[in-house]
Amino acid sequence: MKIAVIGQSLFGQEVYKELRKDGHTIVGVFTIPDKDGKADPLATEAEKDGVAVFKFPRWRVKGQAIPEVVAQYKATGAELNVLPFCSQFIPMEVIDHPKHGSIIYHPSLLPRHRGASAINWTLIHGDKKGGFTVFWADDGLDTGPILLQRECDVEPNDTVNTIYKRFLFPEGVKGTVDAVRLIAQGKAPRVTQPQEGATYECIQKKENSKIDWNQTAEGLHNWIRGNDKVPGAWAEVDGQKVTFYGSSLMNKGSTAKGQALEIPGASQPGLVTKAGLVLFGNDGNALLVKNLQFEDGKMIAAAQYFSSGSSAAVELTEEEKSFAEKMRAVWQSILTNVSHIEDSTDFFKSGAASMDVVRLVEEVKLRASSCQLQNEDIYMNTTFQEFIQKCVRKLRGEDDEEELVVDYVEKNTNNMTIQMPHQLFINGEFVDAEGGKTYKTINPSDGTAICDVSLAQISDVDRAVAAAKEAFEEGEWGKMNPRDRGRLIYKLADLMEQHQEELATIESIDSGAVYTLALKTHVGMSIQTFRYFAGWCDKIQGSTIPINQARPNRNLTFTKKEPIGVCAIVIPWNYPLMMLAWKTAACLAAGNTVVLKPAQVTPLTALKFAELAARAGLPKGVVNILPGSGALVGQRLSDHPDVRKLGFTGSTEIGKHIMKSCAVSNVKKVSLELGGKSPLIIFSDCDMDKAVRMGMSSVFFNKGENCIAAGRLFVEDTIHDQFVKRVVEEVKKMKTGDPLDRATDHGPQNHKAHLDKLVEYCQTGVKEGATLICGGKQIQRPGFFFEPTVFTDVQDHMYIAIEESFGPVMIISKFKGGEVDDVLRRANATEYGLASGVFTRDISKALYVSERLNAGTVFVNTYNKTDVASPFGGFKQSGFGKDLGQEALNEYLKTKAVTIEY
């Protein structure tokens with residue numbers, strides 16, 4: 001078709017370009033005159049293509065069409081007028097002239113929000129749905145028949161800018177072009193707009209955008225965001241007109257500390273915090289405003305309201321000086337009326353407009369992808385020197401951080417003061433659970449309460465998943481350069497290392513882990529894991545594949561490894577921080593976002609991790625931590641339709657239930673690390689000293705609360721009695737006591753219910769006729785202590801030979817020398833297959849046994865030697881999927897195949 005495009009702006013430019021791609025002939029572009037010597041983007045694009053461009057200042061005078069203007073339009077011979085965005089009044093002589101009439105894009109779901117400020121009023125009214133309409137123009141104001149409509153969800157913190165960029169612009173361009181296609185095909189509908197639900201609101205201007213403080217927090221938030229950026233909601237503060245930008249609702253239960261700011265008419269004073277300006281509605285709830293603009297046009301971060309300004313200027317390196325000169329050239333290309341860009345040159349006083357802000361932000365990205373400026377950064381740093389300082393601080397990672405409000409529980413212990421967050425961590429904030437629900441987490445060393453911890457409810461899970469989804473789909477995490485993502489994860493590992501003594505102390509009092517082990521393994525390996533996967537971020541890649549169906553055409557097939565999206569992680573209580581690290585590090589390195597449920601009895605290091613993640617600069621919503629019950633939180637994560645992957649470590653029984661729920665809900669990807677009954681075979685030709693030492697470690701490491709613990713030791717009959725005697729001697733040397741005591745070897749079991757199960761487990765072994773050599777009882781002292789225990793003469797049919805104790809219980813069985821295949825049969829006669837081990841000096845025997853042991857990990861002449869680079873996971877009912885190593889990344893990636901014919 002022959003089309004006249006009547007309009008302006010980048011939106012008009014994109015519609016114009018897509019219509020040309022669709023094969024239509026643009027017979028004329030009618031746009032606004034140049035402003036300050038600069039052509040509108042639509043005009044620039046059309047002139048580049050040699051299309052006739054008309055820049056009429058007006059189409060009518062005193063309500064009458066200007067004949068000369070109409071004549072020039074009619075001369076183009078247009079068959080359809082497309083008005084993608086037009087600020088001028090177009091006379092009906094033009095609207096009705098083409099064969100197919102005229103269509104107009106309008107950014108609301110008509111008949112709701114007719115008028116020029118439709119997006120503003122969609123937000124001001126708090127609409128849950130937004131969208132756009134392409135309609136047939138008539139002589140009314142946005143009243144013509146509907147041709148096409150498309151809708152979207154309005155996010156709680158959307159502004160005019162965010163909803164426009166996310167949906168109204170990109171989908172609006174597509175929708176307008178689709179409407180033209182329907183017309184060309186003769187399939188375009190004309191649906192009369194209903195009268196019911198029709199609204200018309202006035203144009204939002206500065207004079208009518210003053211804030212009425214007698215509203216709820218949500219009402220205030222909607223008013224501010226509905227006027228953000230244009231015209232800007234304002235109020236009088238300290239005798240001057242101040243405009244508010246960047247509003248977000250604060251979670252109920254959020255607390256803030258700051259300096260009071262009196263605001264005339266407000267229900268209570270605002271609070272200037274490091275995060276911004278906290279405002280309160282008449283319902284007592286709060287919202288946060290990020291930026292303020294004064295009457296002279298200067299914009300500041302709201303957090304700086306009472307401060308004198310930014311910190312001292314940073315000295316630039318040679319590389320940064322080079323970057324600054326490149327940006328000086330960019331400024332010069334934008335500010336063509338300025339002869340030379342000085343450090344003091346002001347971007348806006350030199351004639352820059354809002355479109356120039358968008359260009360400058362994009363120019364920075366082209367030259368330094370890790371410098372993610374926002375439009376507000378330009379408005380708040382208007383001189384060239386301020387602009388460069390802002391860029392350099394961003395590049396160095398020294399940019400001002402938001403205040404992280406943490407309501408710590410502090411304890412003086414282990415020769416230090418530990419600070420423990422105790423609330424849920426959702427969307428970058430520590431918040432109370434719905435209804436303020438809490439529970440007590442217990443110190444297993446003495447049975448006393450450490451603190452009250454927020455107890456997540458279903459609504460909290462939904463909020464956390466929504467935050468993770470937004471962070472993945474719309475936030476900077478999903479768009480971040482992989483190398484920059486790796487730098488953030490590495491920075492997180494550095495922070496964990498700086499806090500390693502505090503983390504180990506928290507782990508010790510919350511889980512009962514011996515402090516020295518917590519420091520080396522629980523925390524030490526967690527740090528190593530994050531560092532290891534930080535290095536993988538920019539090495540995730542697909543492959544190029546030759547395909548058989550190539551001829552006679554030329555084809556290219558390649559694969560891409562892509563993140564899955566929102567991942568749920570549910571972890572156990574035996575290694576609270578390390579289990580978090582094993583799964584979360586790979587998950588984040590792959591580019592996903594995470595909602596993690598720590599074990600209800602050990603939530604504190606996960607919450608401390610959340611604090612460190614925020615301080616490392618991980619964007620809001622990337623990490624969310626929800627202490628709570630498995631039946632409520634774990635079940636909701638399994639069922640949630642927006643969760644696309646669930647990683648679980650725990651019992652086989654719960655793993656089966658999770659797998660079923662994940663299948664029924666949305667067939668989400670699952671990886672399971674479940675129970676174990678790992679066999680350890682000790683042959684008579686072993687190094688006895690090493691076999692005793694490692695055999696002890698295989699059972700009693702971390703109080704036996706170890707998923708790969710040797711659940712059953714098969715000892716060759718000729719060395720059985722010697723081995724048992726040596727083990728008992730070593731057990732007697734073990735010191736049981738306070739896990740914070742550096743001399744302690746054996747700390748308390750994790751919680752009372754587990755202690756009771758261990759007592760019952762050992763009683764069952766005795767009843768079945770196994771020989772109890774030592775231990776088997778609770779230690780009579782405060783806390784949940786259980787004696788290191790040794791059973792022998794354990795037969796294959798016995799309960800303790802089959803079931804996992806998950807405690808400090810050594811189960812020993814004899815086997816006859818020379819019967820290698822028989823002991824292998826007995827070792828493999830279990831539904832579990834997590835780990836296994838063999839001790840022998842005969843390398844051929846070691847290899848033979850390791851090949852036939854049916855387990856995900858086999859240790860030869862060692863035990864418990866896991867490493868961040870080695871994949872870890874089980875067979876059979878010990879689960880599937882891998883933690884650690886390169887293979888762990890595959891659990892959090894999806895493979896896409898792309899085939900191109902050329």
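Using N, Cα and C of the backbone, Cβ positions are placed for all residues, glycine too.
Taken verbatim from TrEMBL:
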{"type": "ACT_SITE", "residues": "HIS106", "note": "active site, proton donor"}
{"type": "ACT_SITE", "residues": "GLU673", "note": "active site, proton acceptor"}
{"type": "ACT_SITE", "residues": "GLU673", "note": "active site"}
{"type": "ACT_SITE", "residues": "CYS707", "note": "active site, proton donor"}
{"type": "BINDING", "residues": "GLN88, PHE89, ILE90, ASP142", "note": "(6R)-10-formyltetrahydrofolate binding site"}
{"type": "BINDING", "residues": "571-573, 597-600, 630-635, 650-651, LYS757, 804-806", "note": "NADP(+) binding site"}
{"type": "DOMAIN", "residues": "318-395", "note": "domain 'Carrier'"}
{"type": "SITE", "residues": "ASP142", "note": "site 'Essential for catalytic activity'"}
Relative to the Cα of GLN635 (NADP(+) binding site), which of the recorded positions PHE89, ILE90, HIS106, ASP142 has the closest Cα? HIS106
Residue pair LYS757 (NADP(+) binding site), CYS707 (active site, proton donor) - Cα distance, angstrom, rounded: 16
Whole number in angstrom, please: the longest C-alpha to C-alpha distance across GLN88, PHE89, ILE90, ASP142 for (6R)-10-formyltetrahydrofolate. 14
Recorded positions near GLN600 (NADP(+) binding site): from ILE90, HIS106, ASP142, Cα within 10 Å gives none
Specify the count of other C-beta atoms within 10 Å of the C-beta of GLN600 (NADP(+) binding site). 21
Taking the center of the Cβ atoms of GLN88, PHE89, ILE90, ASP142 at the recorded (6R)-10-formyltetrahydrofolate site, which other residues in this chain have a Cβ no more than 8 Å from that point? LEU83, CYS86, SER87
Site with most surrounding Cβ atoms, counting all protein chains shown within 10 Å, from the recorded positions HIS106, LYS597, LYS757: LYS597
Cβ distance under 8 Å to ASP142 ((6R)-10-formyltetrahydrofolate binding site), same chain, sequence separation 6 or more: which residues? ILE104, HIS106, LEU110, PRO111, ARG114, GLY115, PHE135, TYR200
Binding-site residues listed as PHE89, PHE806, least Cβ neighbours within 10 Å: PHE89
List only the single closest residue to GLN88 ((6R)-10-formyltetrahydrofolate binding site), chosen from the recorded positions ILE571, GLU673, CYS707, PHE806 by CA-CA distance. ILE571
Ranked by the number of other Cβ atoms within 10 Å of their own Cβ, which of the binding-site residues ILE90, ILE571, LEU632 ranks first? ILE571
